[in-house]
Amino acid sequence: MDFPSRFEVIVIGGGHAGTEAALASARMGVKTLLLTHNVETLGHMSCNPAIGGIGKSHLVKEIDALGGAMALATDKSGIQFRVLNNRKGPAVRATRAQADRAIYKAVVREILENQPNLWIFQQSCDDLIVEQDQVKGVVTQMGLRFFAESVVLTTGTFLGGLIHIGLQNHSGGRAGDPPSIALAHRMRELPLRVGRLKTGTPPRIDGRSVDFSVMTEQPGDTPIPVMSFMGNAEMHPRQVSCWITHTNARTHEIIASNLDRSPMYSGVIEGVGPRYCPSIEDKIHRFADKDSHQVFIEPEGLTTHELYPNGISTSLPFDVQLELVRSIRGMENAHIVRPGYAIEYDYFDPRDLKYSLETKVIGGLFFAGQINGTTGYEEAGAQGLLAGTNAALRAQGRDSWCPRRDEAYIGVLVDDLITLGTQEPYRMFTSRAEYRLILREDNADLRLTEKGRELGLIDDQRWAAFCAKRDGIEREEQRLKSTWVRPNTEQGQAIVDKFGTPLSHEYSLLNLLARPEIDYAGLIEATGGEAIDPQVAEQVEIRTKYAGYIDRQQDEIARLRASEDTRLPVDIDYSTISGLSKEIQGKLGQTRPETLGQASRIPGVTPAAISLLLIHLKKRGAGRELEQSA
């Protein structure tokens, strides 16, 4: 049979992690196979039709900065865009887009089908080919064998998936899709720690049965933001509003009186649900003092009447779902198109992974997305891109790569997962990053695109656009630095008139821009400068106004980096290190940290223990790198 069976990288799963993994590998010139159980669901948004949000948009921008598809697909499908925390500092500002579910999926599929070096094949994976602790390939449902140097598993909620509605349950990967049972059994045979997690989704509502006149309209921002560094507002489809309503005492009474019929509260569901996206029954139980909860009514797309009621995810029986939905203002006559449900699935302890997202026990086997205990499209996409990149690097015989915590939210995400593990679905927040003033969403390209080009992830068009932006920032900063304004001149008076800022002596425009009361646009207007690219202007203003804070963070990073990057030998025996308690020896032996920095973040590992590790490394000569940099 003349059918390709040998590839360099195989990606299992065509969700948000799988698509980014396959695209990253193929962009690097590696022959890549994407296996999916259904080509029609590539890039499907299983839960809410939205991309971005606090912490999450930072990941999307980083995926974009490394050449990924998520941000551009959002710009081409986004039907409402907003910047959250717009009145706060730039570190925590976040772009969020409501997407047309059908358009988003179509855009992702188009990108996949036009990517060189990428083959797509519709077949479920039932088995892994493993020889001498190295993955060699996969076996599909109909017995086809595909071989590769690296395999990336991005199975989402499909591994042993079990769907719950009330006290009834059935096998499923998500509503309408079969689970992956054979692969789940095979994975449990591997020497990896496995657990169960749970997530859920709300019932979908027919918009023609909803009274929007009693709800609060929530329009998008003007001017309309964009998600991708390569995007523009002209890409966006027609923009629409979302709406806000609330649960009430009657809603809460309905839920509370039926908790005995909830699979969560009757012990049927074993998996732990997401803390930061709780079901409505969980909200009522945990926040019993609250009289109401917000419900965001989000359109699913421009060509459908379906609405996504964000805030009432539930696995209660259907009759209870209907009653609680109709108790909410504006939805008294609501027609439910699809019931809400909860889904339980297998995940694997991410502490069994390296920074590359390769498993420690099976060479060439990489995990990305919900299989690692995360929740969210953005977290999945970020892991997929990293796993796909490292799978390709391995196939090419090159060293693996992962950004540090001070370089990217992707680095924070991976470090948290492989060091701390997770007992509940992990969601990204800006508060998880120590260096968030440096890790802003607006500068993701300046932080990562050069590295992406070096890795082979960035095409010529994106590289040219990046270089133009980077050079434009340098030119404008130099112009502002070398342009001086004197008191009692026409320009000086224009600045006084516009900002009420007296000039006691000569100032450069860069010094003036550092003042809190002076903004870049007003400064250019007052001094007669020419308009420049808004992205360039934004960077110049942020870098100037926050220069002191940014410099302090950079100094702190430089001090920590020497010990942070010191690698721990793979064969280190912690039980032989004098002075380490048995508890700490056990924690280090179980986690097997790759660097001293990672070891320092393991719960219970003290600064004194890190000092003992340093002494041990110097004794055996493994601390040479630290000594040279000191």
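Heads up, the Cβ atoms here are built off N, Cα and C, so glycines get one too.
Record features (Swiss-Prot):
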- Gly13, Gly14, Gly15, His16, Ala17, Gly18: FAD binding site (BINDING)
- 273-287: NAD(+) binding site (BINDING)
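Annotated features taken from Swiss-Prot, shown on the structure.
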{"residue": "Gly13", "record": "FAD binding site", "DSSP (3 states)": "coil"}
{"residue": "Gly273", "record": "NAD(+) binding site", "DSSP (3 states)": "coil"}
{"residue": "Lys283", "record": "NAD(+) binding site", "DSSP (3 states)": "helix"}
- prompt: How many Å lie between the Cα of Gly15 (FAD binding site) and the Cα of Glu281 (NAD(+) binding site)?
  reply: 28
Among Cys277, Glu281, Lys283, His285, Phe287, which are recorded as binding-site residues, the nearest neighbour of His16 (FAD binding site) by Cα: Cys277
Message: Quick check on the binding-site residues: of Gly13, Gly14, Gly18, Gly273, whose CB has the lowest count of neighbouring CB atoms inside 10 Å?
response: Gly273
Statement: Spacing of the two Cα atoms, Arg275 (NAD(+) binding site) and Ala17 (FAD binding site), in whole angstrom, works out to 21
- request: Measure from the Cα of His285 (NAD(+) binding site) to the Cα of every one of the binding-site residues Gly13, Gly14, Ala17, Gly18, then give the nearest.
  value: Ala17
Message: Using a 10 Å cut-off on CB atoms, tell me which of the binding-site residues His16, Arg275, Lys283, His285 is the least crowded.
response: Arg275
Message: Tell me the Cα distance separating Gly18 (FAD binding site) from Phe287 (NAD(+) binding site), rounded to the nearest angstrom.
response: 36
- request: Whole-number Å only: compute the distance from the Cα of Lys283 (NAD(+) binding site) to the Cα of Ala17 (FAD binding site).
  value: 29
- prompt: Near Glu281 (NAD(+) binding site), which residues of its own chain have a C-beta under 8 A away, given they sit six or more steps off in sequence?
  reply: Ile255, Leu259, Ser262, Met264, Tyr265, Thr314, Ser315, Leu316
Message: For the FAD site (Gly13, Gly14, Gly15, His16, Ala17, Gly18), what does the 8 A shell look like? I mean other same-chain residues with CB within 8 A of the CB centroid.
response: Val11, Thr19, Glu20, Ala21, Thr36, Thr154, Gly156, Ala368, Gly369, Ala380, Gly384
Residue from Gly13, Gly14, Ala17, Gly18 whose C-alpha is spatially nearest that of Cys277 (NAD(+) binding site), among the binding-site residues: Ala17
Message: Are there any residues at least 6 positions away along the chain from Ser279 (NAD(+) binding site) with a Cβ closer than 8 Å to its Cβ? List them or say none.
response: Gly200, Met264, Gly273, Ser313, Thr314, Ser315, Ala342
